[in-house]
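Features from Swiss-Prot:
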REGION    1-64  region 'Domain I'
REGION    65-141  region 'Domain II'
REGION    141-144  region 'Flexible linker'
REGION    145-194  region 'Domain III'
């Protein structure tokens, strides 16, 4: 399996890129979120990859972050979602937006993605609901969430009796580097205004 590519970016034409790794050019399909963060052609680039072998093709998908690749892998496990659909979802939604939609069980964001209908969106929400940790809806279960303070604030709000939707909305407004006590204080102030 090819897990990572490091080399010179030779071509980039959405959604494909070519990376020269010591004289060998690897063609990768990337989500638009990764594509927009790529350097100019001729510069060094590192992509985390997922190698997929099919009967008629061998395909390489590249990602700018481990979280994005992990989400792609989870999407592939959903019945009826292939690599093309998973890439379209990650091109249309950030990982955070997808996690938020799953946490709140909202099909609205998913059906805006080309190729994702109402039934597929509902299946995605059903099959992914246990795959995302409740830390503001931003991390996959089993990954190491960087926002433990947000998770603690969210858990505190839930323990105080706020529903998940209100608590998630309040936590999403907090700065990323906030302390837990300050986060709870600001969230309670925000929730008391509604």
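Each residue, glycine too, has its Cβ placed from N, Cα and C.
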Under DSSP, the region 'Domain III' (145-194) has how many residues in helix, strand and coil?
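Tallying H, G and I as helix, E and B as strand, the rest coil: 35 helix, 0 strand, 15 coil.
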Give me the DSSP three-state residue breakdown of the region 'Domain II' (65-141), ordered helix, strand, coil.
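Within the region 'Domain II' (65-141) the tally stands at 45 helix, 4 strand, 28 coil.
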In the region 'Domain I' (1-64), how many residues does DSSP put in helix, strand and coil?
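Residue counts in helix, strand and coil order: 4 helix, 38 strand, 22 coil.
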